[in-house]
Each structure stands twice: as structure tokens, then as C-alpha cells.
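The structure appears right after this line, and notes come after that.
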Amino acid sequence: MAYRKDPALSASQGKYWGMFICWLLGNGCLFGFNSMLTIEDYYIYLFPKYHPTRVVTLTYQPFILATTAIFTYHEAKVNTRLRNLSGYTLFFLSSFAAIVLDVATSGRGGIAPFVGICIITAAFGVADGHVQGGMTGDLSLMCPEFIQSFFAGLAASGVMTSALRFVTKAAFENSRDGLRKGAMLFFSISCFFELLCVLLYAFIFPKLPIVRYYRSKAASEGSLTVAADLSAGGIQNCLDPMSEEDPACVERLSTKQLLLQNIDYALDMFLIYILTLSIFPEFLAEDTGSHSLGSWYALVLIASYNVWDLIGRYIPLIEQIKLRSRKGLLVAIISRLLLIPAFYYTAKYGDQGWMIMLTSFLGLSNGYLTVCVLTEAPKGYKGPEQNALGNLLVLCVLGGIFCGAILDWVWLIGKGW
């Protein structure tokens with residue numbers, strides 16, 4: 001079944017407003033979980049024996065990976081609108097649950113509250129499994145600026161949480177229960193932000209002319225995933241009488257065929273994130289030694305990564321320095337593996353300046369290469385294929401993140417845990 005494109009729709013009207021909303025939606029996709037990572041000093045204080053930063057990250061990964069894998073397998077039949085709204089709603093409920101748990105336990109440590117934190121982390125993972133692949137697939141069939149803005153928003157969530165953490169640490173450092181007050185402020189802001197994302201995606205985004213244009217175009221090419229979004233945007237699902245006579249409108253490459261044609265892009269995304277997550281954030285938070293910055297050191301490193309990751313995601317907007325070559329991307333990404341010995345020897349022998357510089361480069365290269373791959377890969381495909389490819393690449397990202405989070409434990413060898 002395919003639908004007619006509405007010729008009255010514009011391919012550019014509302015573009016900048018759409019980019020801003022995509023940025024906000026990307027921000028909301030990771031704001032809650034980034035809040036948990038950024039207040040790691042609070043959780044280390046509550047649960048000093050459980051390596052909370054590492055355990056929280058490792059708990060998160062299987063749930064997001066499994067959820068994304070299920071949706072990727074069934075992506076052609078999934079209601080994208082329901083998928084994304086369910087994810088953002090679960091983000092809101094999980095952030096609220098973190099506040100309820102802390103209030104119910106009066107900010108005490110112990111195994112029971114720690115298990116509760118892990119359950120909330122798992123809920124964040126399920127929510128992200130709904131949203132990240134769903135939004136990437138949806139935006140892959142639109143203009144490249146939308147997907148760039150969404151992934152810039154993902155990075156911006158890290159910058160915003162890091163900035164807020166500096167403010168709350170400075171404001172509450174000398175007060176009683178200062179760490180706890182900062183954590184509660186984080187999750188309160190997270191609740192507000194996730195609710196805003198639900199409203200934006202439900203009522204504003206689908207009605208933008210440019211969004212309606214691209215979704216109508218995808219439907220005319222045989223996409224079934226955008227039907228609910230078209231209805232929300234006020235477009236009736238008018239069947240195209242010519243579609244059954246034109247097999248090109250409904251035929252598409254299978255997921256397996258798309259993977260085989262884009263195996264280098266899939267490997268790119270996997271390698272980018274297996275390296276990044278084997279270093280960030282756990283190694284930076286726990287294994288870089290003591291320096292003159294004291295308790296601020298880990299926060300400075302995480303903030304440096306987040307800021308340069310965000311900058312890196314905007315650099316590809318400069319066409320002259322955007323890397324488009326498939327071989328060039330693969331060579332650049334494999335070259336990043338040299339950062340592993342660089343971090344090892346810098347942590348062992350270098351001072352904090354060198355570590356901050358390396359961390360900044362890790363973030364810059366992560367953001368730049370991510371956007372280069374995700375904006376180049378969907379080109380030349382029809383809407384349903386772009387949606388499927390977007391889901392596939394996010395699955396590769398999450399596979400890399402999961403493996404990287406596991407490999408991060410290798411840094412503990414010889415440390416007696």
C-alpha cells in the first residue's frame with residue numbers, strides 16, 4: 001500500500017524550526033541517563049563498594065540493545081509514532097521514579113536502593129531502545145540536517161548535564177546533603193524536559209510542513225511506519241491508485257541486503273562506540289588518578305568530552321571539511337584505536353593537562369565521525385529503506401556501546417577488585 005504525495009507540501013518550510021525540535025528531542029533522548037552518569041559522585045558516595053558508574057552503564061546496555069534489536073527486526077511494521085511517544089513517556093516516568101526512590105529511602109545507601117537504581121537504569125535503557133532507533137530511522141528519510149541536529153542534541157544533553165553539575169556542585173558543596181540536593185535537582189529538570197519532548201513530538205513536530213512533506217514522500221514509496229504520523233499531521237491516508245501498478249513504489253531492499261551493502265558503515269559505527277565507551281565515562285571517572293583539581297577532576301574530564309563531542313557534531317555542517325569517502329571514514333575510525341595506549345600511558349605517567357587534551361580529542365572525533373556516517377549512509381535509498389538503515393546503524397552503535405562498556409572492566413585488572 002502506498003499513498004499520494006501532497007503537491008502543496010513544502011520541502012523547506014519550517015526547516016529551521018524542525019531542526020530546533022530535533023535538537024530538543026535528541027537532548028531528551030539521553031538527558032535522564034546522562035543525569036545518572038553526571039551525578040556519579042553522589043552514587044559513589046552512597047554505594048562505594050559497588051562501582052556504581054560501571055554497573056549502571058553495564059545494566060543500561062543489554063536493555064537498550066535488546067529493545068533496539070527487536071524493533072530493528074520488525075521495523076517495517078512498527079508504528080513509529082507510538083514507538084517514540086512510548087519511549088519519551090517512559091523516560092519521564094523513570095526520571096520521576098528516581099526522585100521517588102531517593103525520597104523513600106531518605107538518601108541512604110545499601111543493596112536495596114542500589115538494586116532500585118539498577119531497575120530504573122534498565123527502564124532508561126528500554127526507553128532509549130524505543131526512541132533512539134525510532135527517531136534515527138524516522139529522520140533518516142528526511143533532510144540530513146534533521147538527523148545532524150538530533151545527534152547534536154544527544155551530545156548537548158551531556159554538555160547541559162555537565163554544566164548543571166558544575167553549578168550544583170559549587171552551590172551545594174558546603175551545605176548539608178549537598179550531593180543529594182544536586183541529584184534531586186537533576187532529576188526534577190529531567191522530568192520537565194522529558195515531558196516537553198512528549199508534547200513536542202506529539203503535537204508540534206508532525207504538523208511542520210517539511211516533516212509532512214518527507215513523511216508523505218516516504219508513504220508514497222511504500223512506507224507503512226509513517227501512517228500514524230501523517231494522520232497526526234492532518235494528512236489523510238489517500239491510497240494512490242497507481243501504486244499497485246508500479247512495483248517500484250512498494251518494493252524495497254531487505255534488511256539483510258541493506259546490511260550487506262552498508263557493512264562498512266555498520267563497522268564504522270560499531271568501532272566508533274566500542275572505543276569511546278571503553279574509555280568514557282567509567283575510566284575517566286575512576287582510573288585517572290588524583291590531581292590538583294581534586295574532586296573536580298572527573299567532572300572536568302567528562303565535561304571536556306561532552307563539549308568537544310557536541311562541537312564535533314556541528315563540524316560536518318561545513319561542507320569543505322566533511323569526510324564523505326567510505327574508505328576515508330573507515331581509515332579514520334580504525335586510527336582512533338591508537339587512543340587506547342595513549343590513555344593508558346597518560347593516566348600512568350602524564351599530568352592532568354594531557355589527559356584533558358586526549359579526552360577532548362576523543363569527544364571531537366566521536367561526534368564528527370558519527371554525524372559523517374549517519375548523514376552519508378541513507379543517501380540514494382527510498383524512504384522505507386532509509387528508515388531500515390537508520391535502525392540498523394543505531395543497532396551497530398548500541399552493539400559497540402555494549403561491548404565497550406564490558407571492555408571497560410579490563411582497566412580494573414590488577415587493581416584488586
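Placed from the backbone N, Cα and C atoms, the Cβ positions cover glycine too.
Residues or ranges marked as transmembrane segment in TrEMBL: 16-35 (among others).
Taken from TrEMBL, the feature transmembrane segment covers 55-73 (among others). Beyond the ends of the transmembrane segment (55-73), by six or more residues, the same chain brings 33, 36-37, 43, 83, 117-118, 121-126, 128-130, 132-134, 255, 277, 281-282, 388, 391-392, 394-395, 398-399, 401-402, 405-406, 408-409 to within a C-beta distance below 8 angstroms of the stretch.
Positions annotated as transmembrane segment by TrEMBL: 85-104 (among others). Long-range contacts of the transmembrane segment (85-104) within the same chain: residues 25, 28-29, 31-32, 35-36, 113, 116-117, 120, 123-124, 126-131, 134, 180, 183-184, 187-188, 190-191, 194-195, 197-198, 201-202, each at least 6 residues beyond the stretch ends and with a Cβ under 8 Å from a Cβ of the stretch.
The feature transmembrane segment is assigned by TrEMBL to 110-127 (among others).
Same-chain neighbours of the transmembrane segment (139-164): 11, 15, 18-20, 22-31, 34-35, 37-38, 132, 185-186, 189, 210-211, 214-215, 217-218, 223, 226, 299, 302-303, 305-307, 309-310, 312-314, 316-317, 367, 370-371, 374-375, 378, 383-384, 386-387, 389-390, counting only residues six or more beyond its ends whose CB sits under 8 Å from a CB of the stretch. As annotated by TrEMBL, transmembrane segment applies to 139-164 (among others).
Look at TrEMBL and you will find 184-205 (among others) tagged as transmembrane segment.
Annotated transmembrane segment per TrEMBL: 265-284 (among others), in sequence order. Here the transmembrane segment (265-284) has Cβ contacts under 8 Å with residues 37, 40, 53-54, 57, 259, 298, 301-302, 305, 326, 329-330, 333-334, 336-337, 339-340, 343, 347, 359, 362-363, 366, 369-370, 373-374, 376-377, 392-393, 396-401, 403-405, 407-408, 410-411 of the same chain, all six or more residues outside its ends.
Look at TrEMBL and you will find 296-316 (among others) tagged as transmembrane segment.
The feature transmembrane segment is assigned by TrEMBL to 328-347 (among others).
Long-range contacts of the transmembrane segment (353-377) within its own chain (CB-CB distance under 8 A, at least 6 residues past either end) are made by residues 136, 140, 144, 147-148, 151-152, 155, 262, 265, 268-269, 272-273, 276, 279-280, 284, 288, 300-301, 304-313, 315-316, 322-324, 326, 329, 332-333, 336, 339, 342-343, 346-347, 389-390, 393, 397. Residues or ranges marked as transmembrane segment by TrEMBL: 353-377 (among others).
Taken from TrEMBL, the feature transmembrane segment covers 389-412 (among others).
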>> If we skip the immediate neighbours and take only residues 6+ beyond the ends of the transmembrane segment (328-347), which ones have a Cβ under 8 Å from one of its Cβ atoms?
In response: 264-265, 267-268, 271-272, 275, 278-279, 283, 287-289, 354-355, 358, 361-362, 365, 369, 372-373, 376
